[in-house]
Amino acid sequence: MTAPVKKNDRLTVDIEDLTHDGAGVAKINGYPLFVQGALPDEQVEIHVLKTLKNYGFAKIINIEIPSPDRVDATCPVYDQCGGCQLQHLSYAGQLKWKEKMVRDVMKRIGKIDVPILPVKGMENPWNYRNKAQIPFGVNGEAPIAGFYKTKSHAIVDTERCLIQTPEADAILEGLKPQLWKLGIKPYNEETKQGMLRHVVVRKARATEEVMVVLVTKKRKFPQAEEAVALIRKLIPNVKSIMQNINGENTNVIFGNETINLWGQDTIEDHIGDVRFEISARSFYQVNPIQTEVLYKQALDYANLTGEETVIDAYCGIGTISLFMAKKAKFVMGVEIVPQAIEDAKRNAKLNGLDNTYFEAGPAEEVIPRWYKEGKTADVLMVDPPRKGCDEALLNTILEQRPKRVVYVSCNPSTLARDLRILEDGGYKTKEVQPVDMFPHTGHCEAVAWLELV
Ligand code: SAH
C-alpha cells in the first residue's frame, strides 16, 4: 500500500475508531491514520506527522465536530502523563467503547457469535488503584516524582493522582518536598547516582492497612529512621514500612532483597469473605472493588454445587482459587511464580480452606501431568497474562474435556483467539461479561463462560 497522504499534509477527516492507547483512527482510502486524542464520530482537521507503508500518524489542529461523549480531562497533567488514555472520553463513553472493542474482536478474530453483556463499570471511577508505584528522580536540583510519560522513562512531576489513593498522594505531597531536608537523594537514571528509586504504596481496601516500600539503590540507608517517622506522620494508617534494594541498571522496579524498616511484613485485605496477607512483592489485583465484581462473575459462571473439582490455571496468589474453594469440593491451583504459590498456601491456611492444592510451574506442563496422574477437573478456570493461554494448555483442555471452562482475560484479542480454538474443539461460548477494572485507561477485562457441547 502506498500512503495516500504525506508528511505535513493538512486535511479534514472523520474518526471511525479508537485504539486502546487513546488514538482516534481515520481511514483514507482504507489507509489508517492514528490521531492522538481524537474520538470516534468526530470530524477533525489534522496535520500528518509521519507516514509508513501501512499506516501513519497525525495530530489534531482543530476539532470541527466534537463527539457528544467528549469531556475535559479532570487531571491537570493528563496530556503529559502516560497513566491514563481515555480521560477525554466520558465514563459512559468509555464503557460503551470497551463493549464495542470486545464485540469487534469476538467477530473479527474469534469469528464467534456470542452474547456480550454491557461492561460492568464503577459507580465512582476515581481513586480506585490500591497500588501506586511512584518513580522518583531529579530535575536540575529539584526532586520530582509522579508517573512516567507515555512510552518513556521521563517523569511527569505531580502532587496528586486521581486514580490512586490519598495515601499515595501523601507520599507525593509530603515526602517529596522533605527529601533534601532528610538528606535523601532521588536516583538519577542517567548518571546512576542517588539513592531513592521508587516508593510503592499499597492499601488494603477492606482493612485500610497501608504498606510503603522504599526502593533504594543501596542497602545502607542512614536516613531510614527519619524517613519512617515522616511516613508514619503522613500516613497514620500505615502498618508496614519496608525497604527493597535494587542496585541494578534496570527498568524493573523491585530488586531481590526486601527488609523490614518498621511494623508488619504484610498487610491484610479481604475479597468477599476471604482473607489475604499481601507481602511487598506479591501480585494482587489493583482494583479491589472491581476484583470482587469480576470474581463473583467468574464464580457465577462456574455454577458450583459443592461437588465439583476445579482447576485454577494462572492462579497468582490463589485469589480466585480460594474464592472458589468455599463453594467447590476441591480446588487445584497452578502458577509459574513459586513465591506466589507460597502466598497461596499461606492464605489457604489463614482461611482454613484445606480443600485446596497449589503447585508452582508452567500451567501448560503441570496440568497435562496432572491429567496423566488422573487429576482432572469438572470446571477449569484460566486467567492468563496478556498473551493468552499457551497452545499446549488449550490442547490439554480439549483432550481432558472438562464440562465447563471459565476464562478470565485482560486482553480481549487473545481471548477471542483462544475461544476460537476451544470452539473448534467442541466448546460453545455461552456469554462474555466485560468488567471495567481500569477506568480511564484503554485496558479491558472480560470473563467468558464456555460449556462442552
Ligand atoms: N488469577 C490471579 C492472577 C492472574 S495474573 C489473580 O486474579 O490474582 C496471571 C498470572 O499468570 C500471573 O500470576 C503470572 O505469574 C502467571 N503466569 C504467567 N505465565 C504462566 C504460565 N505459563 N503458567 C502458569 N502461570 C503463569
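Keep in mind that glycine also has a Cβ here, set from the backbone N, Cα and C atoms.
The feature domain 'TRAM' is assigned by TrEMBL to 4-62. Summarising the annotation, TrEMBL assigns S-adenosyl-L-methionine binding site to Gln285, Tyr314, Glu335, Asp383. Residues or ranges marked as active site, nucleophile by TrEMBL: Cys410. For Cys410, the entry in TrEMBL reads active site.
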Do any residues at least six apart in sequence from Tyr314 (S-adenosyl-L-methionine binding site), in the same chain, have a Cβ closer than 8 Å to its Cβ, and if so which, in order? Val334, Glu335, Ile336, Ala363, Val382, Asp383, Pro384, Pro385
Based on DSSP, name the secondary structure state of Gln285 (S-adenosyl-L-methionine binding site): helix, strand or coil. coil
Cβ atoms near Asp383 (S-adenosyl-L-methionine binding site) (within 10 Å, other residues, all chains): 24
Per-residue Cβ crowding (10 Å cut-off), top of recorded positions Gln285, Glu335, Cys410: Glu335
Reported in the order helix, strand, coil, what are the DSSP residue counts of the domain 'TRAM' (4-62)? 0 helix, 35 strand, 24 coil
Within 8 Å of the Cβ centroid of the S-adenosyl-L-methionine site residues Gln285, Tyr314, Glu335, Asp383, which other residues of the same chain have their Cβ? Phe283, Asp312, Cys315, Gly316, Thr319, Ile320, Pro384, Val408
According to DSSP, does Asp383 (S-adenosyl-L-methionine binding site) sit in a helix, a strand, or coil? coil
Cα-Cα, whole number of Å: the residue listed as 'active site, nucleophile' versus Gln285 (S-adenosyl-L-methionine binding site)? 11
Restricting to the record's S-adenosyl-L-methionine-binding residues (Gln285, Tyr314, Glu335, Asp383), give me the longest CA-CA distance in Å as a whole number. 15
